[in-house]
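These notes concern the structure reproduced below.
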Amino acid sequence: MPDQDIFSCISEPRLVARKFLARPQHEGVGAVVRRSIGRFELKYFDPFLVLDEFSVTAPAGFPDHPHRGFETVTYMLQGAVTHEDFEGHKGTIEAGDLQWMTAGRGLVHSEMPAAQGTQKGLQLWINLASKHKMIEPRYQEMLSKDIAETMIDGIKVRVIAGEALGIKSPIYTRTPTMYLDFTLKPGAHLQQLIPKSWNAFVYILEGEGVFGNQKSQPVTSHHILLLGPGDGLEAWNKSSKVLRFILVGGEPLGEPVVPFGPFVMNTQEEIDQTIDDFENYTNGFEKARHWRSESAISLDY
């Protein structure tokens, strides 16, 4: 019998409240993304600002651009992407690797393909509370081999943030967040606790699954499922193929959100100040005045 502490009992399963298919759209320079959060039907799902499933082939990519006021979480599924910023931080994340970047008061960076063929991954934007929006930028990076992973009863989980099936991630989440990558073999049944006060969603990467109620219709890849109230998620793989999805949850901030492209603040006045800071290379953007990424120089972006 499985350990009851690992497969914790759920008293109030979360049902699927809303469902969307993430359709391809163009973003960056020649890149294609399937955006599920941050689109017109779902502009914000507190504390989540954007979820993109991206696909990019050189010379396309995401050349030099700024951020302020939130975190970006990049999780590679295929290929590799090189990241470079105006502080001199540079590295390449490959399939299965993670980069958790806190933009805070501001940085300028680029994200460009680092391998042949098509690079695929997920990028999640997590809002920061007003008291944290102007903190110093920070990175947390993990190689695939270092991400906590286990398999029990036909369920494999990679714990990007939070905990599941008795294992825990060392990633620090300034906005309390869980980020779990589940793979269910045919016939597998998952029960995963989620804090009651948190918002949570599922995004399906591969296969089809049944979520919330085992009598509901199966849902296929590239769909996002917003979960209703409750204390956990139940999921079933009733198909003959593997099911892979991410389960993400976070504590709502309950604060005003004013976005302007790559900047997310709480008021229009703060957005105006951010634009002024960026255009005048002040208040965190000083190093942007004389910086261009190596990829921008080589590709003449």
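Glycine residues also receive a Cβ, built from the backbone N, Cα and C atoms like all the rest.
As annotated by TrEMBL, domain 'Pirin N-terminal' applies to 33-126. Taken from TrEMBL, the feature Fe cation binding site applies to H65, H67, H109, E111. TrEMBL lists 179-283 with the feature domain 'Pirin C-terminal'.
Apart from the site residues H65, H67, H109, E111, the chain places the Cβ of F62, D64, P66, T72, H83, D85, L107, V108, S110, P262 no farther than 8 Å from the centroid of the site's Cβ atoms, the recorded Fe cation location. Counting every protein chain shown, the number of other Cβ atoms lying within 10 Å of the Cβ of H65 (Fe cation binding site) is 15. Note on E111 (Fe cation binding site): other Cβ atoms within 10 Å of its Cβ, all shown chains, come to 29. Across the domain 'Pirin C-terminal' (179-283), DSSP classifies residues as 12 helix, 49 strand, 44 coil. H109 (Fe cation binding site): 23 other CB atoms within 10 A of its CB, across all protein chains. Taking the Cβ of H67 (Fe cation binding site) as reference, residues of its chain lying under 8 Å away and at least six apart in sequence are, in sequence order, A103, G106, L107, V108, H109, P262, F263.
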